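As recorded in TrEMBL, the features of this protein are as follows:
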BINDING   85, 106, 109, 248  Mg(2+) binding site
Ligand code: IPD
């Protein structure tokens, strides 16, 4: 479906800009990760707790990359809007969400992984127009994985179409007991939130005789952005989390949707080519701080549309076992 008032050429130009920026800051990212070059000094990378909580950290590299990306973007697109984890989060999320083209950047997603040299960490650059995510670039420099996508232009990993696992190797799961779920424990360590997450994990893992879903695998990578790329790739079936922000998933959502996946934001379904009758009347809400993402599910033989139906059934099964954690939406939206 075309993006209102935005040509494919314009989307391609935004995508090219995002790729060039991700590649430009890639060497600084790797320097920070390995403590070499310009970020060799421990004081440069030392993690600071953002909200008085060491689990929610930021480093000098986060700030350097975000400032570099936004300085370039402000020159190229002076009339666009910019939302970045470090500039915005430190402002108490006090930004306004509008229909204008908005660049949404997480300079280092998975900062805790970054600090601990754990390779699931990367740069996320998304563009939303009319509040809809339409361009996404996720660069995981340590794994040398560059994910790119734009609405109507497909999704790719290092130039190869996603999902990388393709039918017949890409299976058609019919229950959570055949699924891998990636999720996160997040950085909110308040007692009620931790209890809620652990209760959800218990119900997902527990055997069916005791009311659980007997989920086949539960994985935590430490990076919401990486989680979405794993689902887009086809190596995990689902990703679910309450609490991340738009910068954690704006780019990854475009990549997943263009790879045939679907997302649920608490209000309804969204995906490319989902029949209008099944779709949420509103585009996926980037600001709602909740996400359930599911990979492309191939149709059963001779049953067109069954893949989309199974996506909804699996998501429904998941939502029946987990507890929602209410967070105030970002940007007062
Ligand atoms: C965090 C990571 C983490 C997720 C949090 C995010 P950051 O991003 O993606 O996996 O659970 O919700 O805030 O702070 O490392 O950029």
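Glycine residues also receive a Cβ, built from the backbone N, Cα and C atoms like all the rest.
Not measured: the values here are computed from a predicted model.
Counting other Cβ atoms within 10 Å of each Cβ, the lowest count among the binding-site residues 85, 106, 109, 248 belongs to 85. Sitting within 8 Å of the Cβ centre of 85, 106, 109, 248, and not among those site residues for Mg(2+), are the Cβ atoms of 105, 107, 108, 124, 224, 225, 244, 245, 247. A strand conformation is recorded for residue 109 (Mg(2+) binding site) in the three-state DSSP classification.
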